[in-house]
Amino acid sequence: MAPVPPGVRLLVSFDRDQCLLLNKEEKWPSYLHLSTLIPNSLKKGLILCSSRPHRPDTELYISPSRYRALTFILTFLLYTSFHLSRKPISIVKSELHKNCSAVSEAAIIASSSSQQPSLLSLHTDVDCGWKPFDKSNYKQLLGAMDYSFLCAYAIGMYLSGIIGERLPIRLYLTVGMLASGVFTCLFGLGYIYNIHNLSFYIFVQVANGLVQTTGWPSVVTCIGNWFGKGRRGLIMGLWNSHTSVGNILGSLIAGYWVSSNWGMSFIVPGLIIIIMGVVCFLFLIEHPNDLKNIYTQNSSLGKTVPSKSWNGVNGHTEVYLQYKDNKNQVCYYYKDSIQNRKSYDTELLLPRESERIPMQPVVVVKSESEPSAISFMGALRIPGVVEFSLCLLFAKLVSYTFLFWLPLYITKAAHLDAKKAGDLSTLFDVGGIVGGVLAGVISDKLGKRATTCAVMLLLAAPTLYGFSMISEFGLGPMIGMLLVCGGLVNGPYALITTAVSADLGTHKSLKGNARALSTVTAIIDGTGSVGAALGPLLAGLLSAGGWDQVFYMLMTADFLALLLLLRLVTKELASSKSHPISTVELKEH
């Protein structure tokens with residue numbers, strides 16, 4: 001159990017409505033599941049534990065809704081800052097290598113208008129960019145910076161999950177964010193200190209790629225701990241929009257300084273992620289289990305009834321309060337969260353006015369030791385991890401190819417300038433947000449993640465071909481196809497990296513005896529990052545022979561991603577509809 005973040009502990013110390021006390025002398029349930037609300041009709045006699053002394057005949061009730069909302073919003077902002085700090089390099093590229101011919105023409109016109117012949121000779125020495133990116137091989141040098149980051153990110157992701165599973169998430173994520181902010185600022189300092197050594201920029205990109213791998217496994221683990229499977233697809237579909245929000249904010253911030261002082265395009269995002277790292281240290285609550293520490297550390301209410309927690313159904317951790325019945329036996333109960341196919345802990349963030357309290361027993365074998373972290377090979381043996389990892393490799397290949405090459409393609413196909421093409425390309429991200437949410441909602445409704453991904457991948461391939469054809473017929477059809485392509489391409493990508501990763505990290509085969517969320521997330525996203533590095537590289541090589549070859553590559557990648565899911569799709573379709581489970585036995589470990 002992780003210690004309470006200092007910022008949360010401070011805020012709770014000022015909160016006089018932090019918990020309620022239930023009088024055991026009444027015929028109410030002697031304890032409540034931490035996510036259960038009390039009907040309004042039963043609230044008579046409840047007192048605030050922070051304003052009255054705690055009596056031995058009472059027990060503690062804590063509603064975690066505010067902390068669930070805090071975790072949702074905070075992790076959203078944390079990963080937004082990660083993407084915000086990655087975006088400046090794509091904006092600054094045009095400043096690192098300028099159009100020499102355009103600059104020369106401007107110099108000649110200025111010289112002739114001012115009738116100063118001495119300036120005519122300056123066009124031969126005009127500044128074409130930032131050394132060493134001012135030469136004819138600038139594409140290779142800029143590409144080397146991109147791939148140094150992506151390759152370091154892909155390799156580091158495999159290690160990040162294993163390390164993060166064995167360290168406190170809050171501290172691990174904080175260190176990663178602070179280090180990422182430092183390296184992002186360091187790139188910008190190259191402008192201030194007039195550094196023209198390519199090795200310096202490559203080193204910064206590699207180091208930044210490695211430390212940024214601390215982000216994704218950590219935030220997915222936190223959000224997976226707080227939200228169960230009932231509406232995980234919907235919640236994570238909404239939550240995953242942080243990627244597009246970060247990209248948009250990063251573009252705006254970097255674009256503000258790119259022409260006047262491109263160093264600030266990196267320094268400002270670097271400072272933002274450093275500040276968010278401090279916020280993470282102060283306020284991130286890793287797990288609902290940590291809630292009980294908040295009150296034991298912040299109140300002098302006397303002796304309290306101890307609470308217990310274990311991993312619950314399908315590895316998802318549940319939290320319980322303990323009491324002794326008339327036979328002096330220790331009993332544990334949990335709220336039936338499977339009734340009507342929905343769970344309160346996966347409802348939207350705010351509590352409902354009234355909630356009935358049906359109680360059913362769960363058999364739990366007590367274990368004093370903390371759950372052990374799963375090994376790399378152990379995570380690979382979880383059913384579905386290998387298939388979804390390889391599927392994401394090809395899905396992310398398609399997504400990142402659009403990320404790096406879509407503005408240039410729009411410029412060539414629609415004959416637009418760079419700014420308009422860049423603005424138009426954001427519609428692909430808008431479609432991706434909608435597609436991610438729809439994929440989550442549909443997979444929640446059907447209970448079939450692999451089938452949902454497979455259908456979207458099947459539709460994406462012909463849509464990509466249609467986009468390559470329709471984009472030549474005007475702006476209107478292109479806008480429509482951008483939205484559709486964005487939804488179908490990024491929908492499976494978003495679902496696999498969020499809800500699927502969280503599901504597999506709490507898979508029923510673990511039986512609640514291992515911490516696997518961070519490792520599973522790292523394996524899946526790390527494999528996908530290999531595709532993210534390969535896609536833009538292959539697109540650059542194939543585009544020389546025409547854009548049709550690039551689209552054929554993307555369609556092939558989508559079909560391969562679909563083939564890798566066929567076994568899981570067949571299994572999902574063949575399986576009978578799952579039934580509610582009311583009793584689960586957790587083995588001691």
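Here the Cβ of each residue, glycine as well, is placed from N, Cα and C on the backbone.
TrEMBL tags one of the stretches 66-83, 426-443 as transmembrane segment, and that stretch is 426-443. Within the chain carrying the transmembrane segment (238-258), a Cβ under 8 angstroms from the stretch's Cβ atoms is held by residues 72, 75-77, 79-88, 91-92, 94-95, 223, 264-266, 268-269, 272, 422, 426, 429-430, 432-433, 436-437, 440, 494, 497-498, all 6 or more beyond its ends.
The stretch from 264-285, 385-406, 426-443, 450-467, 516-538 that makes the most Cβ contacts under 8 Å with the transmembrane segment (479-504) is 426-443. Between the transmembrane segment (550-569) and the transmembrane segment (169-193), the number of CB pairs under 8 angstroms, six or more residues apart, is fewer than three, so the stretches are not in contact. If one looks beyond the transmembrane segment (264-285) by at least 6 residues along the same chain, the residues whose Cβ comes under 8 Å of a Cβ in the stretch are 2, 4-8, 67, 70-71, 74-75, 77-78, 81-82, 84-85, 87-88, 91-92, 169-171, 173-178, 180-189, 222, 250, 253-258, 291.
Long-range contacts of the transmembrane segment (141-163) within the same chain, counting only residues at least 6 positions beyond its ends with a Cβ under 8 Å from a Cβ of the stretch, are 86, 89, 93, 96-97, 132-133, 135, 172, 198, 201-202, 205-214, 216-217, 373, 375-376, 379, 404, 518-523, 525-526, 529-530, 532-533, 536-537, 540.
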